[in-house]
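**Q** Encoded as structure tokens, here's the structure I'll be asking about.
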Amino acid sequence: MDLDKPSVWGSLKQRTRPLLINLSKKKAKKSPSKPLDLRVQHHLDRRLSLSVPDLLEAEALAPEGRPYSGPQSSYISVPNSLSTAGIVPKSSSSSLKQSEEELDWSQEEASHVHGVDTDSEEIYASPAEEWQAFSQSALDLHKPSLGRDAPEEHDKTHGNDDLNASMTSQHFEEESTLGEASDCVSHLPSPFAYLLTIHLKEGRNLVVRDRCGTSDPYVKFKLNGKTLYKSKVIYKNLNPIWDEIVVLPIQSLDQKLRVKVYDRDLTKSDFMGSAFVVLRDLELNRTTEHILKLEDPNSLEDDMGVIVLNLNLVVKQGDFKRHRWSNRKRLSASKSSLIRNLRLSESLRKNQLWNGIISITLLEGKNVSGGNMTEMFVQLKLGEQRYKSKTLCKSANPQWQEQFDFHYFSDRMGILDIEVWGKDSKKHEERLGTCKVDISALPLKQDNCLELPLESCQGALLMLITLTPCTGVSISDLCVCPFEDPSERQQISQRYAFQNSLKDVKDVGILQVKVLKASDLLAADFSGKSDPFCLLELGNDRLQTHTIYKNLNPEWNKVFTFPIKDIHDVLEVTVFDEDGDKAPDFLGKVAIPLLSIRDGQPNCYVLKNKDLEQAFKGLIYLELDLIYNPVKASIRTFTPREKRFVEDSRKLSKKILSRDVDRVKRLTLAIWNTVQFFKSCFQWESTLRSTIAFVVFLVTVWNFELYMIPLALLLLFLYNFLRPMKGKASSTQDSQESTDVEEEGKEEEKESEKKGIIERIYMVQDIVSTVQNILEEVASFGERIKNVFNWTVPFLSLLACLILAITTVILYFIPLRYIILLWGINKFTKKLRNPYSIDNNELLDFLSRVPSDIQKVQYAELKLCGSHSPLRKKRSTV
């Protein structure tokens, strides 16, 4: 058959081509994501297509070719001149260049264009066939002889890109990466292909929207009326610091980026002002700081504060144009696979393994100027890790004496940001000074004592920074499990053997966690599925599995190892549902204390809710293995616990407040019952019980020695150890009581919803009133003790001095044992001597006569002034 003559089927296609194009245009309007696919039919010669190199001329063309990075890349370079453009395939072994004959051939055959239908059932093709078909379609798109068809298809593809440009920054990056990894052609950057990097830094002097004189601000970034990003909420702060970075895709520069600030409340968000940025005024490839003044035409405030942010506008590099092949089944399979791989790599990117620990000891401040602040504290930040020191009263040389541990990564050590903050009497926070430390410039395994001068403030901070390498953290598959290798396990066990107890005391042990699978998870998506992944937390150490998409019974089969710094830490395994650029949805959680781990045994754990108090939907299968040194663990027990990273402060919750009040009541009731038991012994309510108690008291006090105190505590431990079943039953009963309390709380909430808001207010008022009374009693007791020694009431102070003098003489001549015996005999025989006597505590009775500070003000006598004379007032009325 002569290949130069078109077939009958080809001639029929050639005649019906205008009708097919018009039909495809109508379909493209309905579904702009499906562009028209055109092919060119070429005469076959000794090569398969233009994109396949002529191996006979490869040696002659190689010196003139262009370099190529590797065979795995599918990027094809297209020159700017489309009329003479040749598509050059790249090879890892040689570089090729098109000859003039090939260019003439490509131009000559540009007129033979018609649509080609491929087999839709073929999902996979050979690499040569993929390269041939792709290069053929790429050539068609750049032939000048296509006339109107090529620009129309180009516009359709750009319309599709316009739709993609309105997505979030995370999806935008995934699509661009997908374009690079799939078969595509490079074009000049499109006018809408911009990326805007926003660094939301802080707010200053924002308006008050809460009754307490503060606000809970957060920021929204809007473009064309759509919210592209929402920041986190900073509670009770008029000078919030967000320090958040987001990358947004920009469709056109003829737009305004709206920045709106809101105050978060329980029912609605109050508006705190807005500002805008004209995108066309931004300079390309340059980071500029913008201080945006907030305004609200409906508000009476003149100054609503400012928002400080950095903006950087860049042209998106590598703006590729994707073309859908007619083989839709094959494209959808490859696209979904690529997206899944991209999401997987993104998830694994978050699981960076740290290489060591940065131990920072905040010693003190020197000559720190606090201004009108009454309290001071320090914030430390390294990447996403944050710590906050304890708050001290204002002092020129505050002594913090605190230690914080950061993770460091060898590839990005980063800068340690240190900020000194102050609080005034109204609890408004203000940044006093800052300083920075380049961690990469510090030597390893060495204590670095640094005195860091503060910027924008007088004074300095004295700190001790130590960098210690860490090798105990890893993520692997089940086939390369570290503890499965006997030699490696023996080596790890030897490292934590008893003879190495005094070597590297901070390295207590190592934990291996096998995250096997989960089952029957909660469906978080509208499709009835979830995209679950696991987050493992041990103290401040966090590792994460990859995401299993569209599955309620995922199998991760990953192995994680953690270095143990405290044997009393708790491993928290949380299952989340990945939700794109939004916060992940909660699917369940389980907490496992390290000391409760049974080595090497697979366990099935029932997932709990966020508060870890009730069962949630789903199960998770874990296998835990723990190796540690008991001596190191014991030494670590008597050192301060590791501080947790700074998290968002918890807001007032009626449920939590009520629960805590009930807990205090139960403890107080237990103490009160113990006191009542001793009082019943003194009151001789039961003759047998009081007699036994009196005899035990006499024998104990007469034979008492100091070593008997720890011995009595040991007997208490032994008593509880010999009755484990009863102890377990009591603990189970306590947990059931807590669950019952929660169920009662839920029922009360339902009832309160029926009763209305008045009952809720009364319930909260009752709780707050109880807390208020307890605090008042505690404060009054402490103030009365202080006022005894301050001679507030001279009679009581003189009486106390007389009693203390007599007590001193008695203790000097009479042993303490006899004094306690006399006191006990008096207590036990008081009811026998006087059956109608009222039991009392003499010390508390004495202190009740001393006024508190509030009573001192109430009892103080006001001086009579002439203007306040009652006679003068009567005369003025006359």
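Heads up, the Cβ atoms here are built off N, Cα and C, so glycines get one too.
The Ca(2+) 1 binding site feature in Swiss-Prot is assigned to Asp210, Asp216, Asp263, Asp265; the stated evidence is sequence analysis. For Asp210, Asp263, Asp265, Asp270, the entry in Swiss-Prot reads Ca(2+) 2 binding site. Under the heading Ca(2+) 3 binding site, Swiss-Prot lists Asp525, Asp531, Asp577, Asp579, citing sequence analysis as support. What Swiss-Prot records for 149-161 is compositional bias 'Basic and acidic residues'. Residues or ranges marked as compositional bias 'Acidic residues' in Swiss-Prot: 737-746. Swiss-Prot lists 486-607 with the feature domain 'C2 3', giving sequence analysis as the kind of evidence. The transmembrane segment feature in Swiss-Prot is assigned to 694-714, 794-814; the stated evidence is sequence analysis.
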**Q** Under 8 Å between C-beta atoms and at least six residues away from its ends: which parts of the chain pack against the transmembrane segment (694-714)?
**A** 681, 817, 820-821, 824-825, 828
**Q** I'd like to confirm something. Which of the binding-site residues, Asp210, Asp216, Asp263, Asp265, Asp270, has a Cα closest to the Cα of Asp525 (Ca(2+) 3 binding site)?
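**A** Nearest in space to Asp525 (Ca(2+) 3 binding site), counting only the binding-site residues, is Asp265.
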**Q** Along the domain 'C2 3' (486-607), what average pLDDT does this model show?
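**A** Average per-residue pLDDT within the domain 'C2 3' (486-607): 88.
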**Q** Given the recorded Ca(2+) 2 site (Asp210, Asp263, Asp265, Asp270), which additional residues of the same chain have their Cβ within 8 Å of the Cβ centre, ordered by sequence?
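**A** Once Asp210, Asp263, Asp265, Asp270 are set aside, the remaining close residues are Arg209, Ser215, Asp216, Tyr262, Arg264, Ser269.
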**Q** Using C-alpha atoms only, work out the spacing between Asp210 (Ca(2+) 1 binding site) and Asp270 (Ca(2+) 2 binding site) and round it to an integer in Å.
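**A** The separation of the Cα atoms works out to 9 Å.
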**Q** To test your reading of the Ca(2+) 3 site: which residues beyond Asp525, Asp531, Asp577, Asp579, same chain only, put their Cβ within 8 Å of the Cβ centroid of those residues?
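**A** Here the nearby residues are Ala524, Lys529, Ser530, Pro532, Glu578, Pro584, Asp585.
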**Q** Three-state secondary structure of Asp263 (Ca(2+) 1 binding site) from DSSP?
**A** strand
**Q** Tell me the Cα distance separating Asp577 (Ca(2+) 3 binding site) from Asp270 (Ca(2+) 2 binding site), rounded to the nearest angstrom.
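**A** Per the Cα atoms, Asp270 (Ca(2+) 2 binding site) and Asp577 (Ca(2+) 3 binding site) stand 30 Å apart.
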**Q** Which site among Asp210, Asp531 has the most other CB atoms no more than 10 Å from its CB, taking these as binding-site residues?
**A** Asp531
**Q** Given the binding-site residues Asp263, Asp525, Asp577, which one's Cβ is surrounded by the fewest other Cβ atoms within 10 Å?
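**A** Ranked by other Cβ atoms within 10 Å, the binding-site residues Asp263, Asp525, Asp577 bottom out at Asp525.
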**Q** With DSSP assignments reduced to helix, strand and coil, which class does Asp577 (Ca(2+) 3 binding site) get?
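**A** The three-state answer is strand.
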**Q** When a 10 Å sphere is centred on the Cβ of Asp270 (Ca(2+) 2 binding site), how many other Cβ atoms does it contain?
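**A** There are 15 such Cβ atoms around Asp270 (Ca(2+) 2 binding site).
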**Q** If you run the three-state DSSP split on Asp270 (Ca(2+) 2 binding site), which class comes out?
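**A** The residue in question, Asp270 (Ca(2+) 2 binding site), is strand (DSSP, three-state).
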**Q** Excluding near sequence neighbours, so keeping only residues 6 or more apart in the same chain, what lies with its CB under 8 A of Asp216 (Ca(2+) 1 binding site)?
**A** Arg209, Asp210, Val233, Ile234, Tyr235, Lys236, Asn237, Asp263, Arg264, Asp265
**Q** Once the chains shown are all counted, how many other Cβ atoms turn up within 10 Å of the Cβ of Asp579 (Ca(2+) 3 binding site)?
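**A** There are 13 of them.
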